[in-house]
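Copied over from TrEMBL, here are the features:
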TRANSMEM  D:6-28  transmembrane segment
TRANSMEM  D:35-58  transmembrane segment
DOMAIN    D:82-130  domain 'NADH-Ubiquinone oxidoreductase (complex I) chain 5 N-terminal'
TRANSMEM  D:129-146  transmembrane segment
DOMAIN    D:146-434  domain 'NADH:quinone oxidoreductase/Mrp antiporter transmembrane'
TRANSMEM  D:152-171  transmembrane segment
TRANSMEM  D:192-211  transmembrane segment
TRANSMEM  D:273-291  transmembrane segment
TRANSMEM  D:331-357  transmembrane segment
TRANSMEM  D:400-420  transmembrane segment
TRANSMEM  D:440-465  transmembrane segment
TRANSMEM  D:486-507  transmembrane segment
TRANSMEM  D:554-573  transmembrane segment
TRANSMEM  D:657-678  transmembrane segment
Amino acid sequence: MTVALEYYVLLSIALFCIGLFGVLTRRNALMFLMSVELMLNAANINLIAFAFYHGNLTGQVFALFTMALAAAEVAVGLGIILVLYRNFRDVDVTVPTTMRW
Amino acid sequence: MMIEALIAVALVGALVTFVAPNRIAGKLAFAISLVPVVLSLWLFTAFDGSGNALLEGSLAFESQYEWIQLGEYSISWFVGLDGISLPLVVLTTILTSAAIMSSWTPIDDRESQFYGLVLFIEANLIGVFAALDFFLWFIFWEAVLIPMYLLIGIWGGPRRKYAAIKFFVYTNVASLVMFGAFIALVFGLGDSVTSFALPEIATAMLNGGPDGFLGLEGTTLTSVVFIAMFLGFAVKVPVVPFHTWLPDAHVEAPTPASVLLAGVLLKMGTYALLRFNFTMFPGQVETYAVPIAAIAVISVIYGAMLALAQTDLKRIVAYSSVSSMGYVILGLIAYTQFGVGGATFQMVSHGFISGLMFMAVGVIYNATHTRLVTDMSGMADRMPIAVGILIAGAFGYMGLPLMSGFYGEFTIFFGAFQADFAYAPLFTSLAMFGIVIVAGYLLFALQRTVFGPYELETDYEVGRAPLHDIVPMFVLLGIIILLGVAPDLIFEMITDAVDPILSGGEQ
Amino acid sequence: MAVFQLPEWMALAPALIMAVTALALFVFDSISPRSTNRSLLAGTAAAGSLASLAVAVWFSTAGVGTPTIDGGLGEIEPIHGLVVDQLALYFMIVVAIVTALVAVASYDYLVDHAYQAEYYSLVMLAATGMSMMAAANSLVTIFIALELASLPSYALVAILKDNRGSVEAGLKYFLIGALSSAIFVYGISLVYGATGHLYLADIAAVIEAGGADGYGSLLGLGILMLIGGFAYKTASAPFHFWAPDAYEGAPAPISAFLSSASKAAGFVIAFRVFTEAFPVAATQELIGLDWTIAFVILAIVTMTIGNFAAATQNNVKRMLAYSSIGHAGYALIGLAALSADGGELVMGAAMMHLLVYGFMNTGAFLFVALAEHWDVGRTFEDYNGLSAQAPVACAALVVFMFSLAGVPPFAGFWSKYFLFTGAISIGSTAMLAVAAALVVNSALSLYYYSRLVKAVLIEDPLADRGALDQPTGLYAAIIVAAVMTVALLAGFGPIAEAATDAAAAALA
Amino acid sequence: MAGTGIFSYAPAIALFPLVAFVVALVFGKYMPKKGAIAGIFATAGSLVLSLAMLAAVAGGEVYHETIYEWTSGAVASEVGADGIEFTFGILIDPLSALMLVIVSLVAVLVHVFSLGYMNAEGETGLPRYYAELGLFTFSMLAFVFADNLLMAFMFFELVGLCSYLLIGFWFRTKSAPSAAKKAFLVTRFGDYFFLIGVVAIAATFGTVAFAGDDSFVTAAETAIDDGTQLFGFDAQTWVTITGLLVLGGVIGKSAQFPLHTWLPDAMEGPTTVSALIHAATMVAAGVYLVARMFGYYALSPTALAIIAFVGGFTALFAATMGVVKDDIKQVLAYSTISQYGYMMLGLGVGGYVAGVFHLMNHAFFKALLFLGAGAVIILMHHEQDMWKMGGLKDKAPVTYYTFLAGALALAGIIPFSGFWSKDEILYDALIVGLEEPVILAAYAMGLVAVFFTGFYTFRMVFLTFHGEPRSEAAEDPHPVGWAVKVPLITLGVLALVAGIANLAPVYKLTGIELTFLESWLDGEYGAVEGLTYSAYGELLAYEAGTIGTEQQTVLIAAGVSLLLAFSGAGVAWKLYNVPEPSRHVTKLGGAYTVLRSNYYQDEFQVWLAEGVTQPIARAADRFDRTVIDGTVNGVSSISLFGSNRVKRLQTGIVTNYAALLVAGFIGLLLVLGLYGGWF
């Protein structure tokens, strides 16, 4: 038996919102990053579900691209977090506020 | 190509002066500025145009090149002169030379930049009067702001920064409003125009005008645009209540900048009013005659009253410029040959006279380092010639017969008195009371400053003014008297260009 | 034209050249990472971007992308998802110009900086991504190109590893970037869900064929999320928050690079997507509203936030950052006008603005780079009276400022007033509101731009300031930018033509 | 310059002094006598030419020629003319020829006198002085032979300028510049109405010419006959209005009530200037203008009545003030105002000849009196207070007797010139007054003024020349030279005999033709058609009555005025012709203070200027700085305040950015959602 499309969408939306919640609440850079990953994966769920629904592979292929890029993004992100830690002795994203207004 | 040459000389001259050493910049700039004077005088003698530039008149020294294609509309380099613009060009060139010479004494810092900017202004001013394509005209119109901003800002008085930025932003906003309104009009005209060439637009306006735009009826649109453009120009003129930038700018600006500001920049506003509002919107001119006349009268009287309350010589002259510009508006709204022609004449005349006044005040300031009426007395005792010229200029300002001021004012009054709009004679008579008030504050100022026993608050040794301060003033005075005695020198070509406006385009 | 003989994939040459240069620099980097042969590195980068520029110009003049009836070659689509047409070439030119200027300027900026090669290679990589964005015409390629441009940019912003500002900037840029791209991808997924396609033309086909009926709100949400992605890239509200901090913290040349090239690239994908994928009328049928409304709102909000926030800044770089937000707002007018006929005029105006902006804004940031190179400080007061010591550079700065303010006789005048003209030419109430906002904002912008002019020209020089050297590269870049800003006033015709044609072709 | 015979030189009459002006201005410093020579020669030349003109006119010729077209253009005038030329033209007819002679004669004499008064006293700035004199003479002569209203106005203004400059000649003092300013301002106020009048007339009739078929007078006449509507009034009213507007200028220049206040102050100028400008010529310009366009006023009884009444009132009003002055020049100043009042009265009652006649005589005897006063001032080492004088009679006989001649003329004692003209005026006033109550009132005032005139004149004479010297200056006066005496004698003779020009009473009583001036002005020798006494007579709407026969009326009129004059003089003799005269202040009681302070006229005008105008100006200024400019600055400060708020959004905390970003996004979503009706 197959699950109706709506459920997939609901799932992805839920995931997206969780991620967003994380982004807004977590002050730890890594948590922030993971939350973004959640949001990306929410998108992936959508893509795959819709690909299945539309019966073409575009979505799935694109999902692969997304994962790859997410990985790359994380790589760069970790680099930045590293220097962040080196400069601010902390990975709290709310610490660096030298530039404002 | 003559006009291009004229502008080019000024521009190149500006660049040359920029890089010239400060020591020689003044002399060099003056030498360069003589070329445009000669050229423009040659244009004046060789002038062969007739009719109005916007209304199928035959232009002098016309030249047009395609420049930019914007959608269906083409923007072109399009210049030419008619009887209205030519005198103003001559005014510009002569006044610039005079201003340059008169700044030899006061300007002692960053000369090359100073004179470069002055020449740069000259180039743009000539452009403003010669341009016949809206965008081209607007470029020159706006480009004047930068050098004037810098002249006031760098070489100005104590509150120069405030005055400069105020002038800059205030007038620029006005330009934006005017620009938007006019663009809306052009699009409102629809297919009847395919370029931003003013003659084409003017013709389209006189052949029926726009057929609705921005969800407005054609006529409504025209009225809205007319009002918006009037407001836009009103700031530049300036008309009460949009005048407050003027006294600040004048008081802070160095003498030559004041000369150009009062002498030519204000004329840009009235010139634009004449070219746009009063040429393209005959219907609205008729509709809004009474309010505009009222504004004119208010400008005259209110400006004069303000001048009456001032103690700073420059402020007095500044406010009196507001007053004089009121006359010009009155003449324009009269919409009679003498009214509009007189207004145009008054632009030129007031250009020379106010220039002369600011120079004379400047010369006194150079010697005394104060402009406060209360700080000095009996200057005639120390600098008789300069004071003599100041007095002559003052009487020119009061409209003394046989000086150009009287001709301008008389023709304006005469033209306005027989205007068609309601109570024209009444409005005229009210405005004419300005000639009493102007005598009031100028004579008061003279009595306090140049007459009476010699006293001076500031501790400076006042000696006679150097020759190169006096010469330009004599030249201007000569021109003022010449124009007062033989006004037809320019009035004939002016009326020739004005008539088509009044006849709604028919030659 | 010789273009005929070339194989199709060569149409991507402008982007490819960038890529090749990037790779070359990578190779060099891996061979001698510590090399500080500045002239070689900067030279390579500059040469690469100039070559890309040359080719792009050649193609576009050769008529690539212009409809064949006009004797053009028509658009070339070497790979499914990448198209080379006038629009693409136009923005490739913009990107190449900015990249070249930045590369030349960096020559001096990176004196005694550790890893030079990686810097240049990252720049070229980002540039490649931006050129690709110009050519991408499928949501896939768009997303990939976008990330290709973004990831190096994050690194570049944070490249001054020991500079807290730089790192902070990098962090903020990155975090907001990540968030935005997540939203963007989610938007893509929704659009895909609604239409079943990622290729713009197909999306449009489906929408017009009514194949997506019933998915209106899904599609609408998707479109909105896409807009979010563009807004991030173009530093438009509400996704602009990263911009001030990132531009302020980043090395000045990178700020220039991001604020000019990256912004332009963001706009090209926006133009591409909204002209090709979402035909206004059909989409309105579907989602119940004209999506240009969104851009109207964004335009007004963005220009207002940008200019107002810029008005009272004390840090020059930050002022420029906000001003660049304001200009994003101006350029958004191009998108806001797409619905109405005559939209190509406005969109063309926006494109012109982005090109001119590529010169004047880059120049302005490069002057900041120069100031940082001189180490005179960052605030307006620190700039006081610089003209006494560096007249030429300050003259250039004055040119940039007035051009940004849209005052003639500088090229900025044309593009700004064409935008204004275009906005009015549409004549709808919404566009009138935009025009009004433009008036108010430009008045304000006049104020703060002239503040900087006042600082360098009018204020008295600071007493305690050492002699200022004249770094060749920075000066060269600044002067070229300034000269172009002036020259384009006279030579604006071709640009206006190219832009309007490209816009018209895209809308056709 | 077109012209016939001698007339082709007419422009030179005015141009000579103009040349003198330039010469004195440029080379005066280097010339002997500092430019006086140039002035004397120029004015002498003008005099000769004027006399030639006079002769030519006597020979039956007149001259009306346009010299130079100033400008021209279209006009939508009410009576059809669709084009108008503003020109400079010369009109030489009996009136202007006569006036030219008067002006140039007095000018010459004053120039000569100046040698003694200015040069001899070693004044500085003499080139300026003579240049300004030259400029004045030029303007005045040009004004006199102007053939159209606008030209007249222009030179009317120019003489105003010269008056300003000359009053302020001693600019290093505080009082002179102030007096000069006042003089110019007050007259300017009058000229304001004058200019409106000029504009109105030009706009109405499309012409400003005085003479000829295309003159505005003719046009007005036809308009009235056709009953045309002009600017919404019927022609008659409009003519009255415009006429009165022009009259504004007249009242200003001729120092008539209420614009008379400047003249006494104008005495701050050198006495020579007072003689030339503020007695003989410039002040006459106003009256002359009325005479010049008399035809126009003749069309409007209302205007004439007003002229007459103003004249009569001023005559009395000024005379009373003259009674209590101590400064010899002040007395003369008020008497001048009063005398011009008579002329206005004369013209107002249609006594065209009488008015002009008095104008001529007054020019001579008042110039004489001023120059005499000048001589006295030299004698007294620049002391002007009469109470410090006395007993000069024997020490300076020439001055005394010439001055006396002038005084007798002024007081109107038969047979001096003043008597004849004044008497004729009063006679004309009387006969008209018998029909018109208003005029009768004017006549009455004029008559009473005669008494005061006699009184103050001889009070002046006695205080100055009779009794004992009351100061050491008066003990040994400074001698005066020929340059002073020659003009005095010349004018003294004229003051005595000028009356012969028109002995109207004699004619009326005996029938002996002794009315040269009348026939002269009536064009029996030569005149421009329409500008003659009889022509005006036809236009005039006055009825004339008599008391008994005409002869009786003449006798009564003359008798009464003579009686009053003598009684006035007698009272003065009684009070002041004593060795040690006292002020007799108490006799006047409260009136004294009122008169001393000139009926508070000056206070009133000062109050107008400082109590009304200046506060308004200051208020306007405050309004401008606070409200109008405040709005401008307010806008900018509001934007900057907004800016400060907006940039606070950027908290610097990246999480807030994310939050705001999402909030903004959701906000957009809601807006669009509601707009698009998604939920």
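The backbone N, Cα and C atoms fix where each Cβ goes, and this holds for glycine too.
Because the structure is a prediction, the values reported are computed rather than measured.
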Segment proximity, the transmembrane segment (D:486-507) to the transmembrane segment (D:400-420), 3 or more C-beta pairs under 8 Å: yes
Local confidence of the prediction over the domain 'NADH-Ubiquinone oxidoreductase (complex I) chain 5 N-terminal' (D:82-130), expressed as mean pLDDT: 87
Contact set, same chain, for the transmembrane segment (D:273-291): CB under 8 Å, 6 or more residues outside the stretch: 95, 99, 102-103, 106-107, 110, 113, 133, 136, 140, 143-144, 152, 156, 159-160, 162-163, 166-167, 169, 246-247, 249-256, 263, 266-267, 297, 307, 329, 332-333, 336, 340, 343-344, 347, 352, 355-356, 359, 362-364, 366-367, 369-371, 374
Top Cβ-contact partner of the transmembrane segment (D:35-58) among D:6-28, D:129-146, D:152-171, D:440-465 (pairs under 8 Å): D:6-28
Contacting positions for the transmembrane segment (D:6-28) when only residues 6+ beyond its ends and CB under 8 Å are counted: 34-35, 38-39, 41-43, 45-46, 49-50, 52-53, 56, 61, 63, 65, 67, 90, 92, 100, 104, 107, 126-128, 130-132, 134-138, 141-142, 145
Other parts of the chain folded back onto the transmembrane segment (D:657-678), taken as Cβ under 8 Å at six or more residues beyond its ends: 649, 651
Tally of residues which DSSP labels helix, strand or coil - the domain 'NADH-Ubiquinone oxidoreductase (complex I) chain 5 N-terminal' (D:82-130): 31 helix, 10 strand, 8 coil
